Amino acid sequence: MIGGLSVRHPHQRRESEAAAMHHSLLCVLGLLALSSACYIQNCPRGGKRALPEGGVRQCMPCGPGDRGRCFGPSICCGEGLGCLLGSAAAAHCEEENYLLTPCQPGGRPCGPEGGHCASSGLCCNSEGCMLDSDCLGETDAADPAQSSARSSPTDLLLRLLHVASRGQNDY
């Protein structure tokens, strides 16, 4: 002790500074761990896919002239389009994964896996599409002139093959 002041050795000063730095780092990491549950403060209960109380928004438009709706990350369906699976027209649907609120594509509920009628005779969910007779009348009432043309299973199968080949040509 010199003149009432304690003099520390330089080695002791470095140790106390390092201890203070470690303590500060631990405090910052602790606060980060407590706040990292959800960086965005308006996350719905149950995550992004949980249904909000206020209703569900419609999924994004897609396809040529935005005539379809996104049914999944690579599925775009619309009347007159059919369903475009994995095509360039459906690439816009990937953006739906980054939005905070869930969406519903529209159409009546159908199929065993939570799908919706996407086009006449097609039931789609976020994973894919399948034929469903419950969806056959989905748009027939809106366009009675083409109702008879779409009613036969052969015509429906030809339409599906056309949609599948059109999706392959987009690459």
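Cβ atoms here come from the backbone N, Cα and C positions, even for glycine.
Automatic, uncurated: that is what TrEMBL annotation is.
Some features that TrEMBL has for this protein:
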type	residues	note
DISULFID	Cys38-Cys43	disulfide bond
DISULFID	Cys59-Cys103	disulfide bond
DISULFID	Cys62-Cys76	disulfide bond
DISULFID	Cys70-Cys93	disulfide bond
DISULFID	Cys77-Cys83	disulfide bond
DISULFID	Cys110-Cys123	disulfide bond
DISULFID	Cys117-Cys135	disulfide bond
DISULFID	Cys124-Cys129	disulfide bond
SIGNAL	1-37	signal peptide
Fewest Cβ neighbours within 10 Å, where candidates are the disulfide-bonded residues Cys124, Cys135: Cys135
Spatial neighbours of Cys124 (disulfide bond) among the disulfide-bonded residues Cys62, Cys93, Cys103, Cys110, Cys117 [C-alpha, 10 Å]: Cys110, Cys117
Cys135 (disulfide bond) versus disulfide-bonded residues Cys76, Cys83, Cys103 - nearest by Cα: Cys83
Cα-nearest neighbour of Cys103 (disulfide bond) within the listed disulfide-bonded residues, Cys62, Cys70, Cys76, Cys123: Cys70
Cys70 (disulfide bond) and Cys76 (disulfide bond), Cα-Cα, nearest whole angstrom: 5
Cβ neighbours of Cys83 (disulfide bond) where a neighbour is any other Cβ within 10 Å: 25
Entry from the disulfide-bonded residues list Cys76, Cys123 having the most other CB atoms no farther than 10 A: Cys76
Close disulfide-bonded residues near Cys83 (disulfide bond), where close means Cα within 10 Å, chosen from Cys59, Cys62, Cys93, Cys110, Cys117, Cys129: Cys129
The one of Cys110, Cys117 whose CB sees the fewest other CB atoms within 10 Å, among these disulfide-bonded residues: Cys110
Listed disulfide-bonded residues among Cys59, Cys62, Cys70, Cys93, Cys110 whose Cα sits within 10 Å of Cys129 (disulfide bond): none
